[in-house]
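Just below is one structure, and these are the notes that go with it.
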Amino acid sequence: MRRLTRRLVLPVFGVLWITVLLFFWVTKRKLEVPTGPEVQTPKPSDADWDDLWDQFDERRYLNAKKWRVGDDPYKLYAFNQRESERISSNRAIPDTRHLRCTLLVYCTDLPPTSIIITFHNEARSTLLRTIRSVLNRTPTHLIREIILVDDFSNDPDDCKQLIKLPKVKCLRNNERQGLVRSRIRGADIAQGTTLTFLDSHCEVNRDWLQPLLHRVKEDYTRVVCPVIDIINLDTFTYIESASELRGGFDWSLHFQWEQLSPEQKARRLDPTEPIRTPIIAGGLFVIDKAWFDYLGKYDMDMDIWGGENFEISFRVWMCGGSLEIVPCSRVGHVFRKKHPYVFPDGNANTYIKNTKRTAEVWMDEYKQYYYAARPFALERPFGNVESRLDLRKNLRCQSFKWYLENIYPELSIPKESSIQKGNIRQRQKCLESQRQNNQETPNLKLSPCAKVKGEDAKSQVWAFTYTQQILQEELCLSVITLFPGAPVVLVLCKNGDDRQQWTKTGSHIEHIASHLCLDTDMFGDGTENGKEIVVNPCESSLMSQHWDMVSS
């Protein structure tokens, strides 16, 4: 009997041990994001990829639009085309994730996604590198399709030739539609249960998609974004971005990245935890397709580009969803300093129209602060927003007051929203902006005060805002240096920039940071036409420093 017992002990113990191991293994597989070794996802064999790429003549595709020696490499795309073409479409980039991200395991039944990339006259080298990075660094079974939407580029072959690549489809607009309507067109034909929007000058990093799809699979109302790394526009060096950033904005609806507060950082016990963000940059995100449709897609009446990220961000938060940045997902992006393409109504006018539509539909009584920051938006047409107001009502969305209190309490409400608008006069002359020879920003000068059809000439109308800026459209009075005699120039407005802040003291307009006063200096031939706008030490006796703000 003892011998029989001894014989049974080892087999029984072995079975129990195997059972325990199986129990822990199954439990581990059921956990959504436990720590452990990285899951190996199925990938096509090298031979399969080689066969697919053999059907595409990459050299011929790139050479057809190649930069030519002697041409300005920045002219067409506002980044260094020569350097982009020098770099392989298949280049390696550094893995910029936190080390703990590499230990996360994701479930194997993530939903495949439709990747939508819209573009207009994109450089072929960056477009191809975007697609190739997706194909190289994404598990094949997670890509339902890659939908390219060509927004009426000059050359249809920019898109058409790319359908030879695996998973790629091409749609071409018959006329320029802009980002919003192009994205909607791509989303309408998408067959995936989730939509992944990317810009056309990106490079996705290792295991970028799984963390995003995982968050949406857990909760379909989440809209999730990667951390956006920087691809240098001059050298195309891939640069790691800080992970503890979120999207923010000011009352002019100008997007800006902001650091998490010390309190928010202290609450983050794990660097892989998603970060709630009041607003997304808008270029790169994943959203459940049914949720996208239910929320009303995009505002179809927004033009070209700009402001759509505010509209969708307010709508998601106020109508029952949430926005997140997922630190374990990284995507590089070329950030340009200016747009390389033409806006039919001008960049500033288009942005004002789009943001004004957002303010009128979503910001309730707080839109007064938008108009105080952008006074020239008051008179701009913005189309009919009744359908978007009806959408908000039908979705039973929260108020903008709720959004400020619960999502973005850090946005301080101005104590006042008054605006003074009109001429800045010196006797019979008015401060005027004059644009010459297609220069990017106009010059300042004194000119005879003028009227057009009974109204003050637009080039002579200025607004003095509660932010202590003197502006015209998107441009603010600023100084190059803080020294006497420094020229006063027009630059893009930026809230909080002390070089752009002024105060009216009696007949003086004083620059706050330098304590110098707005003045005119003679130059050139010494005539009235040769007066330069500068700042100088304030002197009450100088008539050249006496200014009147005359309301329109």
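Using the three backbone atoms N, Cα and C, a Cβ is placed for every residue, glycine included.
Note that the structure is a prediction, hence the values are computed from the model and not measured.
Residues annotated as substrate binding site in Swiss-Prot: ASP151, ARG176, SER200, TRP305, ARG336, HIS339, TYR341. Residue density at SER200 (substrate binding site): 24 other Cβ atoms are found within 10 A of its Cβ, drawing on all protein chains shown. In three-state terms derived from DSSP, SER200 (substrate binding site) belongs to neither a helical nor a strand segment and is classed as coil.
As annotated by Swiss-Prot, Mn(2+) binding site applies to ASP199, HIS201, HIS333, with the evidence given as similarity to another entry. Neighbour count (other Cβ atoms within 10 Å of the Cβ, all protein chains): 20 for ASP199 (Mn(2+) binding site).
Applying an 8 A CB threshold to same-chain residues 6+ apart, the list for CYS101 (disulfide bond) reads ASP207, PRO211, THR272, PRO327, CYS328. Feature annotation from Swiss-Prot assigns disulfide bond to CYS101-CYS328 (among others).
What Swiss-Prot lists as disulfide bond is CYS319-CYS397 (among others), and the listing cites sequence analysis. Annotation for CYS397 (disulfide bond): spatial neighbours ARG315, MET318, CYS319, GLY320, criterion Cβ-Cβ under 8 Å with sequence separation of six or more.
For CYS449 (disulfide bond), the same-chain residues lying six or more positions away in sequence with a CB closer than 8 A to its CB are ASN423, ARG425, GLN428, LYS429, CYS430, ASP456, ALA457, GLN460. The annotation disulfide bond is assigned in Swiss-Prot to CYS430-CYS449 (among others) on the grounds of sequence analysis.
Around the Cβ of CYS493 (disulfide bond), the number of neighbouring Cβ atoms within 10 Å comes to 24. The disulfide bond annotation in Swiss-Prot covers CYS476-CYS493 (among others).
Sequence-distant contacts of CYS517 (disulfide bond), defined as residues of its own chain at least six apart whose C-beta falls under 8 angstroms from its C-beta, comprise HIS508, ILE509, GLU510, HIS511, VAL535, ASN536, PRO537, CYS538, GLU539, GLN545. Sequence annotations record features per position, and here Swiss-Prot assigns disulfide bond to CYS517-CYS538 (among others).
For 110-215, the entry in Swiss-Prot reads region 'Catalytic subdomain A'.
The region 'Catalytic subdomain B' annotation in Swiss-Prot covers 274-336.
Residues annotated as topological domain 'Cytoplasmic' in Swiss-Prot: 1-6.
Sequence annotations record features per position, and here Swiss-Prot assigns topological domain 'Lumenal' to 27-552 based on sequence analysis.
Summarising the annotation, Swiss-Prot assigns transmembrane segment to 7-26.
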For the Mn(2+) site built from ASP199, HIS201, HIS333, further residues of that chain with CB within 8 A of the site's CB center: THR126, THR130, LEU198, SER200, CYS202, ILE231, GLY283, LEU284, GLY332, VAL334, PHE335
Least Cβ-crowded entry, counting other Cβ within 10 Å, from the disulfide-bonded residues listed as CYS328, CYS430: CYS430
Secondary structure of CYS493 (disulfide bond) (DSSP, helix/strand/coil): coil
Where CYS538 (disulfide bond) sits in the secondary structure, as DSSP reduces it to three classes: coil
Residues that sit under 8 angstroms from CYS476 (disulfide bond) by C-beta distance, when 6+ apart in the chain: GLN469, ILE470, LEU490, VAL491, LEU492, CYS493, LYS494, GLN500
Secondary structure of ARG176 (substrate binding site) (DSSP, helix/strand/coil): coil
